[in-house]
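Chemist: These came from Swiss-Prot, pasted as-is:
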TRANSMEM  79-99  transmembrane segment
TRANSMEM  105-125  transmembrane segment
TRANSMEM  155-175  transmembrane segment
TRANSMEM  182-202  transmembrane segment
TRANSMEM  215-235  transmembrane segment
TRANSMEM  242-262  transmembrane segment
């Protein structure tokens, strides 16, 4: 069980901030491993999401500290913090209204695979468009564009879409540089993952057990470490590459899942 927890934490850490859908990978990996029952897995995912979120906080601790200090100081710069808050609201509202229905209908391997493929095609389309940069850094992002990125994040309620993918590609469409779109996606992930984890923790508090501390701790640590590494690797990668490689990965992986499901080669649950 601890080894499976390590694998799940690794998957969350690597995929949370890449445009390839952490939720989709967790659904597929959890089903393949037969990892925990549904309620226990929901609780477990709270802890690995927190691990990934804290990796962003640690990587950008100086930037976050500077941003918060500027926001509370009289006459200080509040634009970035306000932008994050405004961008967070649409997905928070949509999640409260529709997450239960979406989970009941779409949280299965086939729907995830289809979303993988569709998302990959959208990324390829976005990369083929002429990309005119109007916003070089996250500090230059207008509140109007922040809201638009937040609306894009609502698409991530569909498993397999990717929260990072929706916000980064949405940012590119709005004229953000690759670095600005990626970093704003990172920052937006802090309240999004934090709120989702808190909501799930309250909802599933009765499923918490001291017997699971070891399993949860392994997943949390693995998620933190690999998310930290993935964040740094992605920032280096996008300085010289497009997101097309992630698109082709999504398409190929989605086709493999559909093929193994259709052929019966892999007995996907759900």
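In case you wondered, yes, glycine gets a Cβ from its N, Cα and C as well.
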Chemist: Which listed range (79-99, 105-125, 155-175, 215-235, 242-262) shows the maximal number of Cβ pairs under 8 Å with respect to the transmembrane segment (182-202)?
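Modeler: By Cβ pairs under 8 Å, 79-99 leads among 79-99, 105-125, 155-175, 215-235, 242-262.
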Chemist: Below 8 angstroms Cβ to Cβ, which residues of this chain, lying six or more residues outside the transmembrane segment (242-262), approach it?
Modeler: 18-21, 28, 109-110, 112-117, 119-121, 123-124, 126-127, 160, 165, 168-169, 178, 268
